[in-house]
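In what follows, a structure is listed as structure tokens, so that the remarks can point back to it.
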Amino acid sequence: MRSDSLPTTICQERKKDPIEMFHSGQLVKVCAPMVRYSKLAFRTLVRKYSCDLCYTPMIIAADFVRSIKARDSEFTTNQGDCPLIVQFAANDARLLSDAALLVCPYANGIDINCGCPQRWAMADGYGACLINKPELVHDMVRQVRNRVESPRFSVSIKIRIHDDLARTIDLCRKAEATGVSWITVHGRTVEERHQPVHYDAIKMIKENVSIPIVANGDIRSLKEAENVWQMTGTDGVMVARGLLANPAMFAGYEETPLKCIWDWVDISLELGTPFMCFHQHLMYMMEKITSRQEKRVFNALSSTSAVLDYLTDHYGDESLSKSL
């Protein structure tokens, strides 16, 4: 767990409280937890383009607690990385609360992943299987609440919906009674992958609880984010793939601007982002602005220097691009 010598007192006195943000009446724009992708460098980038709140990738709480190596590789932050929510996959209340205690000096809160539909996660008792285990969710939330002393430290959950929406509403009401700070709702069932998002279900959930609700699913632009926010009456929207393709979307850009690409280069070089991650993000960002032939060439590059040469040759040097 690396925090770039971030003083605990500074971390605990973060000026932007996400709970207050959700009660502001303004659209709260959230970067989703994305395995391999929503790490410090990418969070730093989207914060430059009007993202209000960022999540870490999903972290296995048991591994995080038991392994220093896991902590060092899975969680890195710095003074500018706030407000920040650390998302954990957990199936044990004690281990989750242990993990929460480790990160509470460096984050605004934790989130329990109750929505991951991947088979391995559900087989291990993580993710979306928890929407059918409200008692376990209750125990995990209560244990974190009992052990983390800071009243400003948030505990949230991210869920998918049931086929029977009444069960989801019941789950959300129970979570609210337990002390959950807010709930992010991905508007699909566990079985659904690319079907249309059930925004009507998210709206109904919002109408049946008093805590903030965040809408998630198939949001690709700021206009779509605003439409979903108004349609559902929720307090915020969470975006994953839309931000991968265009980290500047919350600032109103329809496609990734060149300045954003060069910002990513600067941030990655400064933070020492591994090449594969650095390159993969650029492939997502440049999807709409490169031809098929250009993609073949760019995607085959195998070093940071080759990528920098390509960008300079095709889009001008950094200073020129930043003036566009």
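Note that Cβ sites are derived from N, Cα and C of the backbone, with glycine treated the same way.
Not measured: the values here are computed from a predicted model.
The feature active site, proton donor is assigned by Swiss-Prot to CYS116. Following the DSSP three-state reduction, the secondary structure of CYS116 (active site, proton donor) is coil. Long-range Cβ neighbours of CYS116 (active site, proton donor) (same chain, at least 6 residues apart, Cβ-Cβ under 8 Å): MET58, ALA89, MET122, TYR126, GLY127, ALA128.
For ASP218 (FMN binding site), the number of other Cβ atoms no farther than 10 Å from its own Cβ, over all displayed protein chains, is 18. Look at Swiss-Prot and you will find PRO33, MET34, VAL35, GLN87, LYS158, HIS186, ASN216, GLY217, ASP218, ALA240, ARG241 tagged as FMN binding site.
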Structural state of LYS158 (FMN binding site), classified by DSSP into three states: strand
VAL35 (FMN binding site) - helix vs strand vs coil (DSSP): coil
Residue with minimal Cβ packing [other Cβ atoms within 10 Å] among the binding-site residues LYS158, ARG241: ARG241
Local backbone state of ASP218 (FMN binding site), from DSSP in three classes: coil
